[in-house]
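Take a look at the structure below.
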Number of protein chains: 2
Amino acid sequence: MTIRTLVKNLAAAPDGPVSVSGWVETVRDQKKVQFVVLRDESGAVQLVHPRTDTEEGSQPDATAATISALTTGSFLTVAGELKHDERVKLGGLEVKIGELEVAATALDLPIAEDSSVDKRLDYRWIDLRRPEMNLLFRVQTTFLHALRNWWVEHDFIEIQTPKLMSSPSESRAELFQVPYFETTAYLAQSPQHFKQMAQAAGFGGVFEVGPAFRADPSFTSRHATEFVSVDAEMSWVDSHEDVMAMHEQLLVAGFTAIKQKHGDEIEALFGLEVTVPTTPFPRIPLAEAKSIVAERGYEIPRADADMDPEGERRISEYVKEQYGHEFVFLTDYATSIRPYYHMRHGDDPGLTNSYDLVFNGVEISTGAQREHRIDVLVEQAKDKGLNPDEIGVYLDFFRYGVPPHGGFGMGLSRVIMLLLHQPSIREVTYLFRGPNRLEP
Amino acid sequence: MTIRTLVKNLAAAPDGPVSVSGWVETVRDQKKVQFVVLRDESGAVQLVHPRTDTEEGSQPDATAATISALTTGSFLTVAGELKHDERVKLGGLEVKIGELEVAATALDLPIAEDSSVDKRLDYRWIDLRRPEMNLLFRVQTTFLHALRNWWVEHDFIEIQTPKLMSSPSESRAELFQVPYFETTAYLAQSPQHFKQMAQAAGFGGVFEVGPAFRADPSFTSRHATEFVSVDAEMSWVDSHEDVMAMHEQLLVAGFTAIKQKHGDEIEALFGLEVTVPTTPFPRIPLAEAKSIVAERGYEIPRADADMDPEGERRISEYVKEQYGHEFVFLTDYATSIRPYYHMRHGDDPGLTNSYDLVFNGVEISTGAQREHRIDVLVEQAKDKGLNPDEIGVYLDFFRYGVPPHGGFGMGLSRVIMLLLHQPSIREVTYLFRGPNRLEP
């Protein structure tokens, strides 16, 4: 393997021979000297080539010709001499080109920073070369790794639940159907059924990071037809309070790791300071949150008991003012707006042991204690107009013993979008999928 | 949250009050004293209840009545007194039952250890309560975490590629189709296209652990219609040799972690010693491997240049004898049996820069250097009878610059199956999916 030095490691390297590889960001082709800014996954460096063909009668300079022909985006490897030089704006160093090998020549790039989102998504792989995008996916990597570290330290088991199911996991709406040999399969809308199955299997705590699918025709900045769902479920909870306690510890672990590893870069590229949230996160029962929002002048225009996106923004604003916190758990959702499998309050069947987590004004997660008592669960399903036979496989999980349990599902892209103040999940998903977008 | 003590932690706990939660493995309902073996995700413990209703005229013993009525598999919490007592076979300790609360009563369990695989898969969540299965998924968790630790330490970026695609990623065969709004989507057979896209995006090293789908009608012990694929791809490789070097380091990291964390348990439950492989793994060009197998009496009954499963078993046997190694890289596959995107030898276009990794007799992985030169790639696609227009989106990744790169895909369940000497991936997949199996 070519022993290449990552650009970020040049600063600490001594003057002398190095090899760097990356793509061409800019070329300045001057009369006497040529400059190439080369970027790799870790940063950018200036390469320099003093032309040797400037004197009358001098030999042709093959390297200079190659550099003159370089197109933006082409990938190349340069072996040369590193020299630290404070006068060089870009990192205080440059590499004098010795050998230059072009690995692949780029056609004229079809997008620029100011291209429309749609155009940029058409050429997502070029869009992803932007330092902000590279950093964003590093941040996401660090976030997920910190979550998994937390789970592994707490003896949770990782599961990979199937995405092909015989029955819908959430609802009959927004369901992708797949012809499956002699029958029909459904794409999992969430790992809900199967992470609960792990509870009946005596796994204790489980986690999964995987795709989920919704045939959702909407075009908002928060929705996709395929998204990465971060899920956890744990046994022997007393209420949703235990789930929230896990949830906030995870986010603290994730944000701490992000701040440590990428805080400076995030400040430089996004102009943002990462705040590690303090625990406990504020908790507000949903009904109270709605009153607060109403008192502050916004009547939520919904017939049901739910919040709406504007309400979430406003309660978030309130929490920020009141508690200086970016997160808020909205708790105790009305039974009428929650699925049948959420446990209801013992003393008020109109409320559930559930919550939504709002981060910087947008819901990122739903959690709950689940109803584990099979007779109650069947009644609640009927209550919601479901035929228990249609969810027979799921109900069977509860017939042979199951501990009390609860968990949450969280949209990965939403967390990253809100953390980095991005306008849409389209910009933070590796490859966005929407009703009109299946490519690349 | 109930402060429960995991069973595995009882040994280190002092005598005195504890609370344990789990499910009933057995009840011995004797005249004077009752015993319950309670299992949780970490182990099993004996609970004991001396009956208080054995004397004539004594008060009814409510706890005894509850215990008598307990069914196997029911979940319960017991607060009681821990006592270390060497005479107790199960771990040298027992818990004297104080309070006992049944969380969920199990119906008669429909499967036992000797039930058929199919029956056990019908009730997979009960089958997963077996200590071997619980351990298996802990081993898998540890394995994946060790791999991810390696990648994170080496600055790889985690990607989650979409599973809904506009064109097949591998071949037109064995493809699930999904009606997608006004068009048709395909379920990803591998993340091949999109992990290569990360190369054109300048991400350097990337990894993904996620589902892959094959509408494969076969019923072997090694195939599933949905499986978990472990994928990595890296930039600036000189050949497949660099990919193999990464691959073997990953496996060493994974097996080291497994041995450290679970070696003793694996020995106890599976009767196996985990061997951390030494590096470099043996490498044998495929043609040579076929000769070796032939010399040892097995002519591979195939018309093409490929191995067959029996051949893989035999070359593995040979490597075990010759080098005492459980792994072998079979390298330099013939162009005729490799996909168009594998790079061909510079000096022999009949061979590719590729390998299969065989572990304990079964192929677990395919890796290769990819062809990154767009003109060569187009020619190779045509060579294989492909219409470049049909893979136009993929080919576009190469038109705007891309570094030389390579990577591998590895079947997670196969690794675990072979590590723990299990007979089929059905037994090691959380929920197996096959042509006849879509439930639970």
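Just so you know, glycine gets a Cβ as well, placed from its N, Cα and C.
Note: TrEMBL annotation is automatic and uncurated.
Computed from a predicted structure; not experimentally measured.
Sequence-distant neighbours of A:Glu170 (L-aspartate binding site) (same chain, six or more apart, CB under 8 Å from its CB) are A:Gln189, A:Ser190, A:Gln192, A:Pro339, listed in sequence order. Under the DSSP three-state reduction, A:Glu170 (L-aspartate binding site) is assigned to coil, being neither helix nor strand. Sequence annotations record features per position, and here TrEMBL assigns L-aspartate binding site to A:Glu170, A:Arg214, A:Thr366, A:Arg370.
Classification of A:Leu412 (ATP binding site) by DSSP places it within a helix. Summarising the annotation, TrEMBL assigns ATP binding site to A:Glu363, A:Gly411, A:Leu412, A:Ser413, A:Arg414.
Residues or ranges marked as domain 'Aminoacyl-transfer RNA synthetases class-II family profile' by TrEMBL: A:137-440.
Mean pLDDT of the predicted structure over the region 'Aspartate' (A:192-195): 96. Look at TrEMBL and you will find A:192-195 tagged as region 'Aspartate'.
Sequence-distant contacts (6 or more apart, same chain, Cβ under 8 Å) of A:Thr366 (L-aspartate binding site) comprise A:Ser354, A:Tyr355, A:Asp356, A:Leu357, A:Phe408, A:Gly409.
Secondary structure at A:Arg214 (L-aspartate binding site), taken from DSSP and collapsed to helix, strand or coil, is coil. Across the region 'Aspartate' (A:192-195), DSSP assigns 4 helix, 0 strand, 0 coil. Within 8 A of the CB centroid of the ATP site residues A:Glu363, A:Gly411, A:Leu412, A:Ser413, A:Arg414, the other residues of that chain are A:Arg222, A:Phe227, A:Ile364, A:Ser365, A:Met410, A:Val415, A:Ile416, A:Met417, A:Ile425.
Binding residues for ATP (A:Glu363, A:Gly411, A:Leu412, A:Ser413, A:Arg414) extend across at most 12 Å, taking the greatest CA-CA distance.
A:Arg214 (L-aspartate binding site) is 15 Å away from A:Ser413 (ATP binding site) when you measure Cα to Cα. Long-range C-beta contacts of A:Leu412 (ATP binding site), restricted to its own chain and to partners at least six residues apart, with a cutoff below 8 Å, comprise A:Gln140, A:Leu144, A:Val209, A:Phe227, A:Val228, A:Ser229, A:Val230. Around the Cβ of A:Arg414 (ATP binding site), the same chain contributes A:Arg222, A:Phe359, A:Val362, A:Glu363, A:Ile364, A:Ile425, each under 8 angstroms and 6 or more positions distant in sequence.
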